[in-house]
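Trainee: Got a structure for you, questions after.
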Amino acid sequence: SFAGLNDADVAAALAACAAADSFNHKAFFAKXXXXXXSPDDLKKXXXXLDQDKSGFLEEDELKLFLQNFSASARALTDAETKXXXXAGDADGDGMLGLDEFAVLVKQ
């Protein structure tokens, strides 16, 4: 399982946002019980999402967010990617730091 999450919870969360422009980060994290994950698990999850190991999640990495949970999941639309980035980008630098990602999950 990804970051210690329950596979059935993750499958339900992915199914709920299968349609384009239906992704809502709060609903996804709630369905997957990600908010119950420890801060260490959240940092590990963010580090796994950080494909280029920059310490940040850039828009191209956020776009592929769902595929980290299931290879067959769709990419996020540009609108979904921008909405998730803006929701978590506390310092306005256009990227999510790993700490910002952990805060976003807990919202």
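Numbering starts at 1 and runs along the chain as displayed.
Using N, Cα and C of the backbone, Cβ positions are placed for all residues, glycine too.
As annotated in Swiss-Prot:
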| type | residues | note |
| --- | --- | --- |
| BINDING | Asp50, Asp52, Ser54, Phe56, Glu58, Glu61 | Ca(2+) 1 binding site |
| BINDING | Asp89, Asp91, Asp93, Met95, Glu100 | Ca(2+) 2 binding site |
| DOMAIN | 37-72 | domain 'EF-hand 1' |
| MOD_RES | Ser1 | N-acetylserine |
Trainee: Name the one residue among Asp89, Asp91, Asp93, Met95, Glu100 whose Cα is closest in three-dimensional space to that of Asp52 (Ca(2+) 1 binding site); these are the binding-site residues.
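Mentor: So, spelling it out, the nearest of the binding-site residues is Met95.
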Trainee: Using all protein chains shown, find which of the binding-site residues Asp89, Asp91 scores highest when you count other CB atoms within 10 A of its CB.
Mentor: Asp89
Trainee: With a radius of 8 angstroms around the mean position of the C-beta atoms of Asp89, Asp91, Asp93, Met95, Glu100, what other residues of the same chain does the Ca(2+) 2 site pick up?
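Mentor: After dropping the recorded site residues, what remains is Phe56, Gly88, Ala90, Gly92, Gly94, Leu96, Gly97.
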Trainee: To the nearest whole angstrom, what is the C-alpha distance linking Glu100 (Ca(2+) 2 binding site) and Asp50 (Ca(2+) 1 binding site)?
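Mentor: Their Cα atoms are separated by 13 Å.
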Trainee: List the helix, strand and coil residue totals of the domain 'EF-hand 1' (37-72) as derived from DSSP.
Mentor: 20 helix, 2 strand, 14 coil
